[in-house]
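Q: The structure is given below, and queries will be raised subsequently.
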Amino acid sequence: MRLAFCGNDNASAYNITAGVLRNVCFVDALNLVPHVFLLFITFPILFIGWGSQSSKVQIHHNTWLHFPGHNLRWILTFTLLFVHVCEIAEGIVSDTQMKSRHLHLFLPAIIGFVAATVSIVYYHNIETSNFPKLLLALFLYWIMAFVTKTIKLVRYCQDGVPFSQLRFCITGIMVILYGLLMAVEINVIRVRKYVFFMNPQKVKPPEDLQDLGVRFLQPFVNLLSKATYWWMNTLIISAHKKPVDLKAIGKLPIAMRALTNYVCLKEAYEEQKKKVADQPNRSPSIWLAMYSAFGRPILLSSTFRYLADLLGFAGPLCISGIVQGFQDTTNNTNTTEKDPSNSYLSSEEFLRNVYVLAVLLFLALILQRTFLQASYYVTTETGINLRGALLAMIYNKILRLSTSNLSMGEMTLGQINNLVAIETNQLMWFLFLCPNLWAMPVQIIMGVILLYNLLGVSALVGAAVIVLLAPIQYFIATKLAEAQKSTLDYSTERLKKTNEILKGIKLLKLYAWEHIFCTSVEETRMKELTSLKTFALHTSLSIFMNAAIPIAAVLATFVTYAYTNDKPLQPAQAFASLSLFHILVTPLFLLSTVVRFAVKAIISVQKLNEFLLSDEIGDDSWRGGEGSVAYESCKKHTGLHTKAINRRQPLRYQLESYEQPSRRHTRPLEIDDIAIKVTNGYFSWGSGLATLSNINIRIPTGQMTMIVGQVGCGKSSLLLAILGEMQTLEGKVHWSNVNETEPSFEASRSRNRYSVAYAAQKPWLLNATVEENIIFGSPFNKQRYKAVTDACSLQPDIDLLPFGDQTEIGERGINLSGGQRQRICVARALYQNTNIVFLDDPFSALDIHLSDHLMQEGILKFLQEDKRTLVLVTHKLQYLPHADWIIAMKDGMVLREGTLKDIQTKDTELYEHWKTLMNRQDQELEKDMEADQTTLERKTLRRAMYPRESKAQLEDEDEEEEEEEDEDDNMSTVLRLRTKMPWKTCWRYLTSGGFFLLFLMIFSKLLKHSVIVAIDYWLATWTSTDNTYHVAVFSMLSGAGIVLCLITSLTVEWMGLTAAKNLHHNLLNKIILGPIRFFDTTPLGLILNRFSADTNIIDQHIPPTLESLTRSTLLCLSAIGMISYATPWFLVALVPLGIAFYFIQKYFRVASKDLQELDDSTQLPLLCHFSETAEGLTTIRAFRHEARFKQRMLELTDTNNIAYLFLSAANRWLEVRTDYLGACIVLTAAVTSITEGPNSGFVGLGLLYALTITNYLNWVVRNLADLEVQMGAVKKVHSFLNMESENYEGYLDPSQVPKDWPQEGEIKIENLCVRYENNLKPVLKHVKAYIKPGQKVGICGRTGSGKSSLSLAFFRMVDIFDGRIVIDGIDISKLPLHTLRSRLSIILQDPILFSGSIRFNLDPECKCTDDRLWEALEIAQLKNMVKSLPGGLDAVVTEGGENFSVGQRQLFCLARAFVRKSSILIMDEATASIDMATENILQKVVMTAFADRTVVTIAHRVSHILDANIVLVLSEGFLVECDTASNLLLKEDGLFTTLVKTHK
């Protein structure tokens, strides 16, 4: 057949007698002219342009869209392209009905399509390179195209072509589109004035694009890139080369920052407040505020959603059309040939063409998916914006919360944390899902109407099945939420117990109590597992319902149809309705979730409202502002040095000597000497009862005021009242200005109150470096910083930290001791440049040395030389002589006020009382002058810090995947590790659930999917050939499918549960039996994380992910198998698609994993910042640092939001790509099945399956990515499971050891060598000693000489690699560990109590009688105290024994050692952390109650062991001296003598 433009079967084709324009063929040729013109002009410009464009490196202007009507142009061009496609299709379909080829029917359309594509590419390049003059070419093109199309349209009208003809419609639409595009072009000229005008308009890119830090370009790119997330490619591909970090994702664009959104929401909320201002019982509506701030994007998203849902119905309709058309073509093959002169098609004829339908289906899918993803994206972005705004609102409120609210427990820290972590997220999630609320009903109604049209009444039966089962879904969903809550309660309890075990692990091991505590955790875990079982059951039911409902509905429908209709079921009806049921199930399944989230959101909003309306701190604008005077603090002038406190001379003499000449010539207090004055003050903590009453005090400027009094008399409250933290019932607090002579009340009120440097009683630290904690936002000054750290003697502590003062202090300063934290807080107060310093009991956690040093260097020297006003609350009366002014308090009133001299003359009684108290403190001083507590604290710090290397080694084990073949550490191996799925870990996880369950799961999964495929296959056969038995088989198969759905969903959850149970059980046992060195070297937080976060992932997240992954993968595979079975040619097209899919998932997984980690890691600092702020409110407000903290909060929120935004954009990127791939699969499946299909049933089947693939492809990838992240938890748990345990088995059977061993308590140490681990140096070398039964032995030596190691050697807590210890004739290395440890007693230096009862703490094994316990308590002098407690022996001990003082706790430990009637007691520095009185009790008890037992005391104060029968002196692991104390003291140059001398 020869080709000719006008066809060669029509003689009149080239006839122009009736006029040129009357010739159809000529008009078509005329239409080619504009397109060809455009192509000729633009191609050279594009090539030159692209050449020059490479010089434009600055990416951000590449995305700068600044021509008016930009989006409209893109939309119009896309519409134009679609119409061109229709025109091409119409031309080709018309042409197939001709005898010869008529090129003029479709060639102009093809060239037009190319030209339209070129126009948008050309436009894009001009816009990004900002060259508006070149737009003239487009302007000319639109005019020419408009003219030529109009000519064609006029020609059709003259010929009287009816409107129903498709070609007429297409031409009309094109005229309109070209006209609109022309208008857009004219508008650009009008606005930008780039031609025909004298002065063109200048434009500047938006602020965000000028800032190179903004990498999130979604708001700034063109429409195509917005829809396909093309701009994400660079990030996702670069993730493959190097991990995505915070720098790679940059900053948030301004419109999305928390501050911007906060301002919006705040204004809207204030509006609401105004509305309800006159109605006291109504509260402002947060809903309305949210709507007015974020309503528009939600409406936009809903519009997209509606469009997507309507396009979704194109699938079933096209399937029905294609199958019907296929049937018709197979039934009648004779086609009529048309007359060339009448080559017009009507729309119906056009839409009957199966190929046209296939292309339409493809385009509808592409559009539907694009709209759906756009809707998701808009809601996500709005949700993130809302969360940012809410967080900022909550934070601002926290900063203004009244302290009484927090202390009276109306608003606990927990509630605030919940608001931040849970409620804001609930609202964000609700926003994500809310378009579903109004989109779903429409979708359901549409679906039911279409079904009714296809199948009549029987469709309603199926729909009824779905609708009736939906409430069950909702019921299951609520049960799920309940189960989750109870699981959470149990896991919190389990974590608390685990935490206690880990904290007291040393004691548990020494007392051989691990198993008791282990069982208690296991019991809680069993409860948690029971509740997890309920959770798993409901999850599997929910999955089952989701899978079974469509089967049941289809079964009901088709069986009803078969029995009620005479006509057999047609394939077109069957497969279209199947596809409709699939569409219907999704909204019904989701509806229950959405409703649940809506309910949660309503509750969250109530909680938020309560919080936002709770009491605020009094308005204190008069205290506002920053005012600090610059001192010449660094040029320290040599002032008067205060007399050094002479420690040798008792305090009372000092007191007398201070009384004569006063330290500073106190001028009579004039008014301008007063910094703060309180008159007639009554203050309360919000209960309305005055805590402080009748307060009249003044605080002199530039002097030191001390506030003293008994515990609980209101000293701290007084400070807080002055700071304005308490409610003022009456009275006034005046802050006078420094330079003001007569502060009238009004004047002082209008003055700014200076920020006060305040160190609270309970130290409060930030989660930051030590240096940041001390500087606290002030400028860094090296000299001043050094002076402060020296005054607080922090330097030695800082030296111990791994990175000096740049070390991050953990959350709430966890890795520091109380004293160290307190000194940092005092240092912070001293460092600040403020006139007034408030120190609330800064000495409480410090020992004598540090207190004196701080008093001398820090307070008397540093502060007084700066002439700063200091208010000091203290219990240490020995410092009273230093005070310039004293305020004595009692029961919330001021007892006395004045100088020490005043009080001595006026209130002799009080003065004498103080003197006696000081006497007592004197004796305490004589106790001993070694800085015990501090050295101790530093020791623990060193212990906590040196094990860095071992932690690193643990983390490394994590990383090693069998990549050990000579790793040349180059990028490619790293990349290989990053892109590899952790299959090995997956296998470990699957096998830990047991092989039987694993087999059952795989088997049932495969069987279920085979049955589901069989159901559809059977339907295809049934509809193609009609038989009666088909219905029966179909029903049986469907029944089997439903049962299998239940079985598979149960087995997956069951397997997940078993795996979780086994992993936790193994982990707990492994860790509890681990060697003590493991706990010294592994940070507690790391171990706890395995039990909290990781266990939670294994319990609750992996099973559903696994289920979803296997389901979607098998669905996709069965679909591909089914299509290939129907049309083998499909496999050829599948190869390129498969390759594309492989690369998409490979790139996405890596980027997603990084972004997920970024999202997680940025969330924690944000939550910490909130809880830190709530805890340190008084400090922040005293320092006046609210603005700085707000700024920090906004930064943290934005960082977290940008990570989350990128994560959701990456998900959209993936979904758009997999959806487009799915659409390609549908297109290939449709085309291959139409050309090759065996019968219409299989065509329908192929298309139905191709449509399901589009739904499930992205789930495969996302579940893979999730699983990869979640497998990290299994990997971490496994890294602990490979650790070595202690060797609990001994050579002797426990039955061979005498019941009462050790009876005598005789100890022989023979040539003992000890080390902590076999790769470390020995800590004890060749120690030999003999201890007779009942002897009292003292062991001493300098720090690090091996004293404690010796005590651990008795319990085999350390590695005895040479020599032995023989107790009562038995070598302890032969005994089983449990037997050995349960027969000896030890008192450790840190008193450890567990939560529970007193009885449980003394005797967890419940072996002893009450009398024995009371006797032990009496010996420890605790009997009366315990008797006075409610419940006596069953009185509650809180976590860590917090409800007892340190001294009492140590006495309980003594009682515990006594309860265990062992003939050997070891005391390891047991008196290091207790006061004199308790220590005396301890010493007395050891002498009397333990008179007949062998007692080994490891002493840190040599004075304790002077009366021991025998003293062992250790030095660097060797035993250097061994004799009675009196004999050793005779050696002048002996080590013992030097120790005694230095310690005295």
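Note: Cβ is positioned from N, Cα and C throughout, glycine not excepted.
Residues or ranges marked as transmembrane segment in TrEMBL: 32-51, 72-93, 105-123, 135-153, 165-184, 306-326, 350-367, 457-476, 535-563, 575-599, 1027-1052, 1114-1144 (among others). Residues or ranges marked as domain 'ABC transmembrane type-1' by TrEMBL: 307-600, 999-1268. Marked as domain 'ABC transporter' by TrEMBL: 676-916, 1307-1541. According to TrEMBL, the feature region 'Disordered' maps to 949-970. Per TrEMBL, compositional bias 'Acidic residues' is recorded for 955-970.
Distances, neighbours, how buried they are, the whole picture for these features please.
A: Beyond the ends of the transmembrane segment (32-51), by six or more residues, the same chain brings 107-108, 111-112, 114-115, 118-119, 121-122, 125-126, 129, 131, 134, 137-138, 140-141, 144-145, 148 to within a C-beta distance below 8 angstroms of the stretch.
Outside the transmembrane segment (105-123), and at least 6 residues removed from its termini, the chain residues within Cβ reach (under 8 Å) are 5, 28-29, 31-32, 34-36, 38-39, 42-43, 45-46, 73-74, 77, 80-81, 84-85, 87-88, 91-92, 94-95, 134-135, 137-138, 141, 145, 343.
Away from its own ends, the transmembrane segment (135-153) comes close to residues 21, 27-28, 30-31, 33-35, 37-38, 41-42, 45, 67, 112, 115, 119, 122-123, 126, 168, 171-172, 174-175, 178-179, 181-182, 185-186, 188-189, 194-195 of its chain (Cβ-Cβ under 8 Å, at least six residues beyond either end).
Within the same chain, residues 447-448, 451, 538, 541-542, 545-546, 549-550, 552-554, 556-558, 560-561, 564-565, 577, 581, 584-585, 588-589, 591-592, 595-596 sit at least 6 positions outside the transmembrane segment (457-476) and bring their C-beta atoms closer than 8 Å to a C-beta of that stretch.
Long-range Cβ contacts of the transmembrane segment (535-563) within its own chain (Cβ-Cβ under 8 Å, at least 6 residues beyond either end) map to 451, 455-459, 461-466, 469, 472-473, 476-477, 479-480, 483-484, 487, 569, 574, 577-578, 581-582, 584-585, 588-589, 1012, 1015, 1019, 1031, 1034-1035, 1038-1039, 1041-1042, 1045-1046, 1049-1050, 1052-1054, 1056-1057, 1100, 1103-1104, 1107, 1111.
Long-range contacts of the transmembrane segment (575-599) within the same chain, counting only residues at least 6 positions beyond its ends with a Cβ under 8 Å from a Cβ of the stretch, are 312-313, 315-317, 319-320, 323, 426, 429-430, 433-434, 436-437, 439-440, 443-444, 447-448, 450-451, 454-455, 459, 462-463, 466-467, 470, 473-474, 476-478, 481, 545-546, 549-550, 553-554, 557, 1016, 1019, 1244-1245, 1247-1248, 1251-1252, 1255.
Below 8 angstroms of C-beta separation, residues 537, 539-541, 543-544, 547-548, 551-552, 554-555, 558-559, 562-563, 997, 1000-1001, 1004-1005, 1007-1008, 1011-1012, 1014-1015, 1018-1019, 1021, 1103, 1106-1107, 1110 of the same chain, each at least six residues beyond the ends of the transmembrane segment (1027-1052), sit close to that stretch.
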Q: With CB pairs under 8 Å as the measure, which of the listed stretches 307-600, 676-916, 999-1268 comes out on top against the domain 'ABC transporter' (1307-1541)?
A: 307-600
Q: Who are the chain neighbours of the transmembrane segment (306-326) in space, where the CB to CB distance is under 8 Å and they lie at least 6 residues beyond its ends?
A: 351-354, 357-358, 360-361, 364-365, 367-369, 371-372, 375, 439, 442-443, 446-447, 450, 454, 570-573, 575-577, 579-580, 583, 1230, 1234, 1237, 1240, 1243-1244, 1247-1248, 1251
Q: So if I exclude everything within five residues of the ends of the transmembrane segment (165-184), which remaining residues of that chain have a CB under 8 angstroms from its CBs? That is, six or more out.
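A: Counting only partners 6 or more residues beyond its ends, the transmembrane segment (165-184) has Cβ contacts under 8 Å with 69, 72-73, 76-77, 79-80, 83, 86-87, 90, 94, 139, 142-143, 145-146, 149-150, 152-153, 156, 344-347, 350.
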Q: Any idea what the model's mean pLDDT is for the domain 'ABC transporter' (676-916)?
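A: The predicted confidence over the domain 'ABC transporter' (676-916), as a mean pLDDT, is 81.
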